[in-house]
């Protein structure tokens, strides 16, 4: 294993360069461009003054997410889902994941009968779009709630805990953090982890792409995920000016 | 915790009564009714003598799964997906999971340019339909390959390892095995685990429905999942007459 | 014609073995597995406490039917309609037929503003699925109304007349009752008949698959349909404990 | 019954005025406007030089029908099916009926690997659109085959027998021929009959809209259908110049 | 250019023979068959006693248009949009154009909370269907408002200005009026112009099919469009009996 | 008119600040971010090594465009078209316009059997998205052809003429260039003009949103469009390094 090397030259538990750019577009209440290396996802948070039918009159809010990829965000052009007339199973799976992660971060009963729509659109894909989306959407949602706070519609940001997400995987036999496209398309195990700033899991989704993996490997992967997520949570708070 | 009790009265690491009935319907090459307590799923395996376009001419086979619920398999009637004209995100997520699990069990390069279609249809739902589906589809697929073997089209069953699946979760603070509907609709954490008979993971999908969960809880959940899956794997082999 | 023989060895006016199993699944208000030989259809009746828009406020109820086939209920696997995103013309034709038949059996003005949803799902097909579905749905609907009666929501079962259905056809020149798959795929005329226990017709749908048929043949077919339906009506009532 | 009267004043076994106008539009190989009183349906027959996949290479032809109603062909405007994105069950049922009827009239093995598309579009509806469509499509198809004959692509019109169709029903207790809209929307039994010029049935579809009907009524209905269809068959041949 | 000749022999600024036949079908409040030579479009205007959601309670009306082509209105049969499950981009573009043109002709605030549905269905196509549709829909709409006036529901026809439409184009280098199919499929520039009887433009849509066109050509095209539209406006009013 | 003022303070024939940023994303052969003031559209050009069915074997290429808006590119969030399962009429109209404009710029017979897909996705909308899209797609297409040239697959860029597009309109009675959102939502006439660098028109699409417009107004609008497009064409060439 001495000559193991990641395509990017990163150490096994190194994140790519991560950037969170707030106010990336002007209309949305929250708008964040998140970059994990060459992966770029635009996360917007939009406030709607009503809730879906199943929540009407219950005095609580809702958060939901949608995910999309621009047709040429990828190496070869993908068909546009709007043109095909349906979203793929992968798209639906990812947007359900983002929604669950963000609903774990905020107190749905603390911002009235409103819906927060999180739109995560991939401008450029290079692996890890779903984890970048969750990490960026957290900041966009926070910004959107700040707008509500500024308008006097809520009395405090209804955050329960910050969440961030990262992928980990077994690349050429070695557990590594934050897989880029080259690693992702050639790994044995791929795991996406969503954690809170209390160090607890919101989601753990591990899949053996090639060989099944054992308990020891699972533990190694969770260890480096924990390290990476702590760094992302720190960056989120710093970007929002909550820490220095 | 002394007075903790599961609605069913089961011990925390007890499976429900599991039954695998082979040859449940007569047309499919493999046809298994799997029952996890009151959950009943019909799993059929159908052989098609061709592969999807992306595999044409590569000399290998493919396995794919579809999942459905009869409209009144559930407590209240659900709209029929065929009538609505689309499958829900949940349906797509489940059928993708079943497909990945089964593709991990068999050697796709060892049965020629054929597709094995796994159809998992829920006749009655009481929690755990996706894990029952995987467990039953394993047996149905094995039976279908036996048909190919009997016809002299393959020289041995192309099984790499048996797979089975179970749900585990945190119900009223306690990790429990094989959640039924009452537990599933009132649990904090829900995890589906797919493992091979080598004791390795194919899938680990844990979601915090309520409170996020810590590493110790994750470990307890994996421990009881391991126990349950070993029992299921044993039952599969016994049902197929591979063990006594 | 001395050596005419049906594939099954049945006499020309023999039904296959018919079984009606009540309470086949546990959630639906009515749940009947109907078997006409190897044809097996699960008929559930679900009560919904509202009516479609066009009946709102009119003080009457509604009954509607849906029909589906599991993908591998048939000799070769059919595409799943939910995955294709639409129901075939055949499916729609059958579910409209079932709905009309059942609405003829019950008094829509005698059970309040409720909808009875009849779901007829074919687990195994061997000819005659639509007539089995009507025959089974009659019993499932009766059971569902018994539930309403038991809850004190209606004062009597709103049945006007029992209905049952059977197929008849001309197989190798001879009119026969209750065609199975082998006969159905090789017959000249195929007719589905729905009758009440007063001996009246609700539906007569005859189609010349091959040669057109004359009036005498039509009369012979109706004669044996009459015989078969009387047997089915008798079995329905016996199954429901209304006769011995 | 002495004061029984049909809304139109017709005798019980009178057809409405029927007109068949050939060459109604100029592009189609066959184009017939058929009028049953105020019901007006444009039937075109289009030849396509290929067959559907399931017939490729079998050396035979195919005939298929589509049916549509202009949005304001009816008393109140109906939604346009193209805008709704799907055809109703009624539409599909009717176009399947038209297709079966026409395939019974022609020898599919006698015109090569070609498809005849029959499009029946209702310009104005006043009851009996499906029977008018079959009656008109017969003439349009004949004309289209004449074009093939004229081009030397076939050696004779591949007609097996002429078919025509009419509705009959029980209106205010009396069997009547060729129901118009007023009768159709207020009848107890509605039956569509398709017959050949040999006097044989191709289709018999009777439905009890209100009270179920007995065998004697069925016989009366078939008697007057027989009379009406003979008149239509005669008119078809006269229009085509086959008789005087 | 001395030997320039249009396929039809018309002079460059001649319309084809235009006919407007009112009351073409009997159910619609307005029903006009418009013919521009061999192009025949049935335009119906249907009144609905409600407005779309976005106008509810605003005290004004709405006008909207739908466009369709019968499958064999064209040289070769087109797939039926209802069967394909979606309207083409061309269809949507045309119906949006018709809607805008008609909304420019009438005062939406002067006929209450009603919707006027304009259905323009092409029975036979020979170029210029969209301009024929607009020209015919104007008359159908006027007739429908006359019905409202006759019922005392409005006090005057809410017409602001008459509109008519014509196509112009550059055919073999020469600007010509009212392109038929032969010209349309072989022209360099195609322009559709909608004008009011005040001589003002409602729509100008010019497209260079082949070579781009210069300002002088644009001016010539507008000159002949102006001439043609004046003739159409005159015919509309004469047909409605507003002028002699 | 002395106190006429545009919301932005621009002179009547001033463009907004226009920026063309090449290589905005890394996977596409051409990738340009075009900004017209606050309107930002990402235009990518993707090369596919095949043509649509109707061009197969004809030795020529094809160019086609798709258009989309991110859900929160607008003031209030729009539903995602992929989630709704269809593209709106507006979307289809715009992508057809972009496709026609670009096909006018390049010689389809000069780059082999390839398709150039132009994807124009609006990141932020502030009026004029379709004209920005055309202007940016021209540069993206040029870059994509440069890639083909660099790979030796073509021998020169197959450009016939540069095209650019701009909107003009009548705002508060005054013809103005390049409408922003405030002007666009409050104007009487809206016109989109596409021109070549030879000063010829490819498209002229003028719509009277409020009052119809006369010939003199049309001429004024075309004059300022001409001025604006010349500036855009100059910027395109400068951005591509073709001029200084």
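Every residue, even glycine, has its Cβ placed from backbone N, Cα and C.
TrEMBL: automatically predicted annotations, no manual curation.
Secondary structure of the domain 'Exoribonuclease phosphorolytic' (C:15-144), assigned with DSSP and counted as helix (H, G, I), strand (E, B) and coil, comes to 43 helix, 41 strand, 46 coil. Annotated domain 'Exoribonuclease phosphorolytic' per TrEMBL: C:15-144 (among others), in sequence order.
The phosphate binding site annotation in TrEMBL covers C:90, C:128, C:129, C:130. Around residue C:129 (phosphate binding site), the same-chain residues six or more apart in sequence whose CB sits under 8 Å from its CB are C:39, C:41, C:69, C:94, C:122, listed in sequence order.
What TrEMBL records for C:162-227 (among others) is domain 'Exoribonuclease phosphorolytic'.
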(message) When secondary structure is assigned with DSSP, how many helix, strand and coil residues does the domain 'Exoribonuclease phosphorolytic' (C:162-227) contain?
(response) 17 helix, 32 strand, 17 coil
(message) Neighbour count first, Cβ atoms within 10 Å, every protein chain included; then name which of C:90, C:130 tops the list of binding-site residues.
(response) C:130
(message) Restricting to the chain of residue C:128 (phosphate binding site) and a gap of 6 or more, list residues whose Cβ falls under 8 Å of its Cβ, or answer none.
(response) C:36, C:39, C:166, C:167, C:178, C:179, C:180, C:184
(message) For the phosphate site (C:90, C:128, C:129, C:130), what does the 8 A shell look like? I mean other same-chain residues with CB within 8 A of the CB centroid.
(response) C:67, C:94, C:122, C:125, C:127, C:131, C:132, C:133
(request) Rounding to the nearest whole angstrom, report the longest C-alpha distance spanning C:90, C:128, C:129, C:130, listed for phosphate. (result) 13
